[in-house]
Amino acid sequence: FWVANVCLSLATSIFSFSFETWAVVEHDKGHRQDLLNETFWLMTFFESAALIGSQVMSNWMVGGNLEKEIACPSTAAILTAIVGIICISRVYGGSPQTVTFKEYKVSFYSYILCDRRIWLLACAQSCLHFSIVVFWILWAPTLVADGREVYLGLMYPCVLGARMLGSTLFPFFINAPLRTEDCLVYAFIIQGLLLSIIAFDYQEIGALVTQYFLFHACVGLILPSLARLRTMYVPNELRGGMISLSLAPTNAAILFILMQRGYYRTVENSEVIAFAAVGLFAAAGCMYVLKRLGKQPYQNWHKL
């Protein structure tokens, strides 16, 4: 079980930043740069749609038979992955670029570790990832903590639907006079306030679910915005290393929190959510500082 989860997490992470890098590289071959923003929010939109569709398909395949609860969806996932590999292999026609570890280390140090803007962007990504993981771990226990009967299977696609709607707001904000960092500051603050209310204030089921929807609507807006900033500040060949840099401390913090909550019982669920809210406020501060250190006017890294 542990090995399966580690492999799944590794594959998901690699696919996420590799697909984003591939999309940017293919886009740079002859498409207008302003269309790249449309690509980012469509990636987030269809990712949420795919998650909803996969849940519907899994529920249909499992039905009421608990004996095939794991085997049947796992087999479908394997077949879908094979089809995806075949499709990508047939579409991709470029020659792979090879680089030595020494060259990569020098480039990573020069462009990533020595740039304060990258550290601020990585910190914001780390805080967002931590809050999303905390949300998905604790959203169900928070809803049913006082014995309320809630249809969690129905709420899951609704929350992802809110994320889809949030991603559709990205084109409107990107064409507004506000900079991307300003939009992220407001979105992170709203998310932090929502988690703060969830952590410290008892809510009726309707108000609590509404806050869940607003939280994930902000997630749908933030994800393509961060992808746009990564394109401006991070070279394509270093994008994966930069994302891994932001995920490493997040995963360590998640493991620490889970050990303290699940094994030692030293923290409560509300304290974990409050800690995630503090991280979101810190992410808003990072975006504010990044705006002051950012490129004026906006320039794409690939054009420098």
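Glycine residues also receive a Cβ, built from the backbone N, Cα and C atoms like all the rest.
Here the structure is a predicted model, which means the values were calculated and not measured.
Annotation comment: TrEMBL describes 74-92 (among others) as transmembrane segment.
Annotation source TrEMBL lists transmembrane segment at 118-139 (among others). Note on the transmembrane segment (118-139): residues 111-112, 159, 184, 188, 191, 195, 212, 215-216, 219, 222, 226, 229-230, 233-234, 242-243, 245-247, 249-250, 253-254, 257-258, 269, 272-273, 275-277, 279-280, 282-283, 286-287, 289-290, 293 of its chain, located 6 or more positions outside it, place their CB under 8 angstroms from a CB of the stretch.
The transmembrane segment annotation in TrEMBL covers 151-174 (among others). Panel annotation: around the transmembrane segment (151-174), residues 37-38, 40-41, 44-45, 48-49, 51-52, 55-56, 59, 139-140, 143-144, 180, 183, 209, 212-214, 216-221, 223-225, 228 of the same chain, lying at least six beyond its termini, place a Cβ under 8 Å from a Cβ of the stretch.
What TrEMBL lists as transmembrane segment is 183-200 (among others). Listed by sequence, the residues of this chain that lie at least six past the ends of the transmembrane segment (183-200) yet keep a Cβ under 8 A from its Cβ atoms are 124, 127-128, 131, 135, 142, 173, 176, 208, 211, 214-215, 218-219, 221-222, 225-226, 270-271, 273-274, 276-278, 280-281, 283-284, 287-288, 291.
Per TrEMBL, the feature transmembrane segment maps to 212-229 (among others).
The transmembrane segment annotation in TrEMBL covers 241-260 (among others).
Sequence-remote contacts of a segment are chain residues at least 6 beyond its ends whose Cβ falls under 8 Å from one of its Cβ atoms, and for the transmembrane segment (272-290) they are 117, 120-121, 123-124, 126-128, 130-131, 134-135, 138, 142, 181-182, 184-185, 188-189, 191-193, 195-196, 198-200, 229, 257, 261. Taken from TrEMBL, the feature transmembrane segment covers 272-290 (among others).
Cβ atoms under 8 Å from those of the transmembrane segment (212-229) belong to residues 20, 36-37, 40-41, 43-45, 48, 121, 124-125, 128, 132, 135, 139, 155, 158-160, 162-170, 173-174, 180-181, 183-184, 187-188, 190-191, 194-195, 290 of the same chain, restricted to positions at least 6 beyond its ends.
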